[in-house]
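Report on one structure; see the data block that follows.
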Amino acid sequence: MSSGILDELGWRGLIAQSTDLDALAAEARPMTVYAGFDPTAPSLHAGHLVPLLALRRFQRAGHRPIVLAGGATGMIGDPRDVGERTLNEADTVAEWTERIRGQLERFVDFDESDTGAVVVNNLDWTRQLSAIEFLRDLGKHFSVNVMLDRDTVRRRLEGDGISYTEFSYMLLQANDYVELHRRYGCVLQIGGSDQWGNIIAGVRLVRQKLGATVHALTVPLVTAADGTKFGKSTGGGSLWLDPALTTPYAWYQYFFNTADADVIRYLRWFTFLSADELGELERATAERPQQRAAQRRLARELTVLVHGEAATEAVKHASRALFGQGELERLDAATLAAALRETSVAELKPGAPDGIVDLLVASGLSESRKAARRTLGEGGVSVNNVRIDREDWAPQPSDFLHGKWLVLRRGKRTIAGVEKL
């Protein structure tokens with residue numbers, strides 16, 4: 001294969017570990033490459049995008065991607081540091097597999113060409129394995145000593161231990177590589193750097209069972225420069241690709257709020273912008289950080305990628321409207337609700353005090369009634385982008401957007417919502 005894709009992955013900082021890169025570059029073109037994604041939740045999350053987009057980069061470079069949905073491995077679960085996973089019911093895993101399969105199909109191109117993507121489910125071959133075949137045909141090739149040396153396994157053994165179910169996960173993932181090489185001629189597996197041990201086990205198993213040389217490459221796990229966990233939304237949950245779980249507004253705002261120390265790295269990893277474009281954004285961040293040009297570009301690129309152009313424009317319009325630069329009345333109910341729920345929302349029950357002072361305190365925009373009156377006197381309060389300076393102001397039914405929402409703003413940038421119940 002041409003070394004161009006490896007060069008690109010290199011300058012983007014997307015190669016964490018690999019087998020022999022020179023041997024990989026010498027592979028015939030087009031090469032078949034795969035990455036696997038287990039359905040351990042009803043949706044993929046933002047962290048999955050780096051290996052998933054790596055598949056897309058290989059496809060754009062002239063290679064064929066295989067996207068594997070782990071219908072079998074998702075029923076087992078890769079060992080993790082924090083303890084034994086809860087086993088999900090087979091019907092639940094099957095449902096999640098189909099949902100995730102639909103998400104995976106959005107990121108690579110399917111056609112009849114040599115580079116047309118393939119989506120597979122490892123349950124198709126794993127459920128045919130008998131216990132005897134698993135032990136004789138797979139287990140015989142694995143050293144328990146090597147398996148015990150995995151960092152995660154070692155830490156689990158030092159704690160509450162590990163079940164044989166999770167301990168055997170490596171064998172199932174390794175067998176996926178054997179099946180994909182046998183069925184599709186796959187010669188490269190990519191994944192997150194935490195999967196290196198499992199991927200290398202597959203490389204060895206292909207060599208031992210089929211006498212073939214295949215390759216491995218991992219991408220870095222995404223972390224923030226300040227040590228905080230990447231991909232956690234405002235409420236502390238994961239940043240999901242499913243808009244029913246993480247709204248497009250929350251998705252956009254998460255990436256728009258990326259720190260200067262992280263934004264250029266994220267642009268290299270999550271977008272297809274050229275080195276020249278990235279260089280310009282890096283200079284803009286260094287010289288004019290207050291303009292947040294790189295963050296704006298990152299948020300737009302990723303929101304278009306995951307949610308589409310129309311949803312991205314709706315999010316941008318909502319952001320402008322909330323901060324007084326657009327018409328709140330033009331926002332649809334779903335977009336307005338999603339945007340306000342990313343702020344502090346006060347619930348207004350029937351008969352509850354609804355004066356502006358009460359609303360400012362209830363929404364958290366003011367810490368006390370005295371502070372609320374002071375802010376009103378300074379002209380720093382608006383409701384639905386209309387300045388309010390009277391302490392006796394209270395909303396009329398016609399003030400509630402879509403019959404239930406008020407947008408409160410203190411100063412220029414601090415927003416809260418009121419939801420009429």
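Using N, Cα and C of the backbone, Cβ positions are placed for all residues, glycine too.
For TYR34, TYR169, GLN173, the entry in Swiss-Prot reads L-tyrosine binding site. The Cβ of TYR169 (L-tyrosine binding site) lies under 8 Å from the Cβ of THR73, ILE76, GLY77, ASP78, PRO79, ASN198, each on the same chain and at least six residues away in sequence.
According to Swiss-Prot, the feature motif ''HIGH' region' maps to 39-48. Mean model confidence of the motif ''HIGH' region' (39-48) amounts to 93 (pLDDT, 0 to 100 scale).
Taken from Swiss-Prot, the feature motif ''KMSKS' region' covers 229-233.
Taken from Swiss-Prot, the feature ATP binding site applies to LYS232, supported by sequence analysis.
Taken from Swiss-Prot, the feature domain 'S4 RNA-binding' applies to 354-420.
Helix, strand and coil residue tallies for the motif ''HIGH' region' (39-48), in that order: 3 helix, 1 strand, 6 coil [DSSP]. When Cβ atoms from all protein chains are considered, those within 10 Å of GLN173 (L-tyrosine binding site) total 26, not counting its own.
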